[in-house]
Amino acid sequence: MPALPLILRAPERRDYAQELIDRFGFEWGSAVPEAGYWLELGYERLELCTQGKHGAVYAEFVEGAARHRREQGGGRGQPVARAIGLKSAKTLPTVVDATAGLGRDSFVLASLGCRVTLVERSPVACALLFDAIGRAARDTATADIAARMTLVHADAIAWLASLADADKPDVVFVDPMFPDTDKKSAAAKKDMQAFQQVIGDDLDSAALLQAAIGAADKRVVVKRPRLGAPIEGPRPSVVIEGKSTRFDLYVRKALS
Ligand SMILES: C[S@@+](CC[C@H](N)C(=O)[O-])C[C@H]1O[C@@H](n2cnc3c(N)ncnc32)[C@H](O)[C@@H]1O
């Protein structure tokens with residue numbers, strides 16, 4: 001995919017815009033394109049934009065749904081926490097989120113106290129995360145959570161394979177983008193369609209699962225739609241079902 005243009009809406013943020021361009025390989029944009037996608041850096045945040053009915057997409061850890069989950073979330077009893085093994089864990093597991101996306105799952109786990117390394121290969125998703133972690137670090141309500149989140153711009157298949165034994169995490173979390181065949185859920189997430197179209201489907205999930213199993217000291221957790229097929233490969237050892245989501249667990253050792 002050609003480099004996305006980045007349009008600066010807040011002139012005093014030119015240095016930061018240049019940093020984003022240098023880090024993630026975007027190019028300067030001067031006018032809104034007639035079609036396709038572009039990034040906009042405003043006073044508040046970085047957004048992925050497109051023409052038409054889609055709203056802008058951005059990662060957010062301070063306000064909105066993240067705030068709600070932080071203040072009212074289900075704590076260690078919620079399905080994702082149980083899947084990671086938090087409910088009975090005496091020490092908090094270290095987690096690699098191998099498919100960080102917009103960081104929502106990582107943020108929940110970091111809110112619960114885990115140290116989370118977010119690995120993301122898409123430059124667009126990684127830039128949105130970089131911006132959101134920066135904003136969370138500057139807000140007193142979320143600064144300690146942001147300090148537990150480390151962002152890595154890499155393909156997790158190679159990155160996990162390169163980890164030394166001493167750096168292996170307790171848990172690797174995997175939530176790949178599958179082709180969306182569910183019309184209802186597609187309609188419900190209109191804004192996310194822009195994100196999905198820019199990122200594309202993850203067609204190498206089987207290789208990612210293998211790399212995750214090789215790198216996780218204790219377990220791999222795969223997030224899937226409740227009725228979705230498991231990732232091709234070994235069968236999960238445990239399955240945890242939520243209302244719309246399922247977690248397939250590949251357990252190596254019990255979390256102590
Ligand atoms: C469905 S989204 C994840 C959503 C995320 N769980 C959240 O809470 O926002 C999948 C993301 O994983 C990323 N991804 C898929 N395979 C990857 C890989 N091998 N290495 C790094 N990132 C990967 C994609 O670029 C995409 O951004």
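Even glycines carry a Cβ here, placed using N, Cα and C.
Annotated S-adenosyl-L-methionine binding site per TrEMBL: Arg104, Asp105, Glu120, Arg121, Asp175, in sequence order.
Everything TrEMBL records as a feature, shown here on the structure.
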{"residue": "Arg104", "record": "S-adenosyl-L-methionine binding site", "DSSP (3 states)": "helix"}
{"residue": "Glu120", "record": "S-adenosyl-L-methionine binding site", "DSSP (3 states)": "strand"}
{"residue": "Asp175", "record": "S-adenosyl-L-methionine binding site", "DSSP (3 states)": "coil"}
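Highest Cβ count within 10 Å among the binding-site residues Asp105, Glu120, Asp175: Glu120. Among the residues the record lists as binding S-adenosyl-L-methionine, namely Arg104, Asp105, Glu120, Arg121, Asp175, the two farthest apart have Cα atoms separated by 16 Å.
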